[in-house]
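Listed features, source TrEMBL:
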| type | residues | note |
| --- | --- | --- |
| TRANSMEM | A:15-38 | transmembrane segment |
| TRANSMEM | A:66-86 | transmembrane segment |
| TRANSMEM | A:122-140 | transmembrane segment |
| TRANSMEM | A:147-171 | transmembrane segment |
| TRANSMEM | A:191-212 | transmembrane segment |
| TRANSMEM | A:249-268 | transmembrane segment |
| TRANSMEM | A:280-301 | transmembrane segment |
| TRANSMEM | A:307-326 | transmembrane segment |
Amino acid sequence: MSTTAPAGTASQRGAVLGICLAVLGLVVGAVASVFIGVSDVTPATLWSDDGHARQLLTVSRLPRTVAILLAGACTAVAGVVMQMLVRNRFVEPSTVGTSESAALGLLIVTIWAPGMALPGKIGVGAVFAVAGTCLFLLVLRAVPIRSVVTVPLVGIMLGGVIGAVSAYIAFRYDLMQTLSAWLTGDFSGVMAGRYEMLWVVAALTVVVYVLADRFTVVGLGRDTATALGLGYRGVMTLGLGVVAVTSAVVVVVVGALPFLGLVVPNVVSLLRGDNLRRSLPWVAIGGAALVLVCDVVGRVIRYPYEIPIGVVMGVVGAAVFLWLLLRKAPDVG
Amino acid sequence: MTVPTRTRGAIAATGLTKRYGETAVVDDVSIELPAGGVVSVIGPNGAGKSTFLSMVARLLPMDAGRVVVDGDDVATAPGDVMARRLGILRQDNHLAVRLTVRELVTFGRYPHSKGRTTAEDRRHVEDALDYLDLTDLGGRFLDELSGGQRQRAFVAMVLAQDTDYVLLDEPLNNLDMVHARGMMRLARRAADELGRTVVAVLHDINFAAAWSDRIVAMKDGRVAASGTPAEIMRPAVLGEIFDMDVAVHQIDGRPVALYYT
C-alpha cells in the first residue's frame with residue numbers, strides 16, 4: 001500500500017511500468033469491445049464481406065470505443081480536480097449540480113437558439129455548468145459543514161432543484177426525451193461526426209496533468225497554497241473551467257456518467273494517494289476501464305438489447321459510493 | 001537563501017488591526033521583530049497571537065495597518081517572492097488529500113521548484129525529514145500517522161521551504177515532552193546555524209523562556225510586554241499578562257514559572 005522507497009528512479013520506473021501494463025490491458029479490452037455488438041463485426045468479416053463491416057467499424061464501433069475511453073478518462077479526471085478544488089472526497093460533477101446545470105444550459109439554447117452550432121451550444125452548457133458550480137460553492141459557504149458527507153448532500157439537493165427546473169421547461173417544450181438523453185449516459189448513439197468534441201476535453205485533461213502539482217497544492221487548502229506562493233484564485237478558476245467544459249461536452253456527446261468521477265478517484269486515492277502527479281494517470285486509466293466494462297456489461301446483459309451505460313454506471317457507482325461512505329472513515333476526511 | 005543588497009531587515013508591523021464585528025482581535029499592533037534568533041509569542045487564549053501571525057503570513061487580510069518583511073509589504077509583494085522568504089506552520093493542519101510524508105514535505109519546495117523537483121530540492125526534503133526524525137516514515141501516508149508524527153511532518157514541510165522567516169503557530173501541539181524539546185532545539189538550531197528567524201506562538205512560558213531570545217506577550221489584541229526572557233519572566237509581568245499569580249523561581253540559573261497549583 002505505501003511505498004517506502006525514496007522518490008528515486010527505481011520506484012519511478014516501477015510506476016511507469018505499472019501504467020504501461022494498465023494501458024496495455026485497456027487497449028486489449030477496447031479492441032475486444034469493438035467486436036461486441038448485434039451486427040457481425042469480427043476480424044474475419046472485416047476482410048471478407050462487401051465492406052459493410054468495415055463501414056460499421058469506422059462509423060460506429062470505433063467512435064463508440066474511443067468515446068468510451070475519452071469520456072471515462074476525462075470524467076474521472078474532472079472528478080478528482082473538483083475534489084481538490086472543493087477539498088472534499090465526495091464531490092464530482094454529478095453530485096454538486098454541475099452536470100444538471102450543463103443540461104439546463106443546453107436545454108435553454110436548444111429552445112431559444114436551435115440553429116446554433118454544436119460548439120456554441122456546448123459553450124452555453126459550459127457557462128451554465130460554471131454558474132451552477134459557483135452557486136454550489138456559495139451555498140457551501142453559507143451552510144455550516146458538520147461532516148464531509150454534508151457537502152455532497154447539499155450538492156445533490158442543489159442538483160435536484162436544477163434538474164426540476166430543467167424538467168419543467170423540458171415538459172413545457174416537449175423535450176423530455178432530449179433531456180433524459182443528456183442526463184443518462186448512453187454510447188449507442190455515438191457515431192463519427194458526433195463525438196469529436198471529446199478530443200477537446202482530452203486536451204484539457206492533458207493540461208490538468210501538466211499542472212497537476214498546482215491542483216494538489218490547491219487541495220492542501222487556501223492557506224497552504226497562499227503560503228507556498230500559489231495563485232489560488234487562478235488555479236481555482238482554471239479548475240472550474242476544466243470541470244465545466246468536461247461536464248458540458250460529456251453531457252452532450254454521451255450523457256452524464258453518474259458517480260464515475262467519484263468512485264475512481266476514491267479507489268485510486270486508497271491505493272496510490274492523492275499526489276496528482278502520481279495518481280492522475282491511474283485515475284484516467286481507471287475511469288476509461290470502468291466505463292469500458294460497464295458498457296460491455298450493458299450490451300451483453302440483455303443481448304441483443306442494450307441497457308444505457310448511465311443505468312449500469314448508476315448501479316455500480318451508487319454501490320461503491322455507499323461502501324466508501326460506510327467503510328471506517330479514516331480520521332483525515 | 002541569499003538576501004539581496006537591501007538591508008537585511010525585520011518583520012515590521014505598523015498599526016496592525018483585525019476586527020470581527022465590534023471586537024478588535026488584533027488592535028493597532030506596532031512592533032518590529034529584528035531578523036535573527038528565536039522570538040516567542042505568548043499570551044492567554046484569545047489574545048490575538050494566531051491572528052497576528054496569520055496576518056504577517058498574509059493568510060488573513062488586515063483591516064488596518066501593514067506588515068513589512070525585509071522591506072516588502074506582504075499585502076502587495078508577489079506571492080511567490082514572499083513564499084521564498086516567509087513560511088508558516090498553521091495550527092490546524094487538517095488535510096483532505098492523502099499524501100505520503102515525503103510528498104507533503106516535497107510540496108514545501110513548491111515555491112522553489114514549481115513542481116519540477118531538482119536534486120537540490122530533494123536534498124532539502126531529505127534534510128528536513130532527517131531533522132525531524134521522519135526519514136523512516138517518509139513513505140507512509142499521513143493518515144496512518146499519530147498526531148505528533150503528523151505535526152512533525154508539517155514542520156518538516158515548512159523547514160524544507162527554506163525561508164529566512166519561519167512562523168510557527170503552536171508548534172508544540174500534539175507533541176510529547178521528548179519531541180517538544182526536540183522541536184525547540186530545532187528552532188534554536190535553525191536560528192543559530194542556518195540564520196533563520198523563528199517566530200513561534202507558544203503556550204508553555206517555560207519553553208518560551210528556555211529557548212527564545214525574545215518574548216512578545218499579547219493580551220486583548222495588544223502587545224502587553226516585550227523583552228528578553230529575563231525581563232518577561234517576572235511575577236509582576238506574568239501576573240499582569242495572564243491575570244493570575246505566577247511564581248518564578250531560579251532553577252539552575254534559569255527562570256522557571258510555577259503556575260500548576
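Glycine too: its Cβ is placed from the backbone N, Cα and C atoms.
Outside the transmembrane segment (A:307-326), and at least 6 residues removed from its termini, the chain residues within Cβ reach (under 8 Å) are 89-90, 149, 183-188, 254-260, 262-263, 266-267, 290-291, 294-295, 297-299, 301. The recorded stretches the transmembrane segment (A:122-140) and the transmembrane segment (A:147-171) share 3+ CB pairs below 8 A when only pairs 6 or more apart in sequence are counted, and are therefore in contact. Only sequence-distant pairs (6 or more apart) were considered; of these, fewer than three Cβ pairs between the transmembrane segment (A:15-38) and the transmembrane segment (A:191-212) are under 8 A, so the stretches are not in contact.
Within the same chain, residues 58-60, 62-64, 66-67, 70-71, 73-74, 77, 81, 118-119, 122, 235, 238, 242, 245-246, 249-250, 252-254, 276-277, 280-281, 284 sit at least 6 positions outside the transmembrane segment (A:191-212) and bring their C-beta atoms closer than 8 Å to a C-beta of that stretch. Same-chain residues lying 6 or more positions outside the transmembrane segment (A:280-301) and placing a CB less than 8 Å from one of its CB atoms are 19, 22-23, 25-26, 29-30, 32-33, 36-37, 65, 68-77, 79-80, 187, 205, 208-209, 212, 257, 260-261, 263-265, 267-268, 271-272, 307-309, 311-313, 316.
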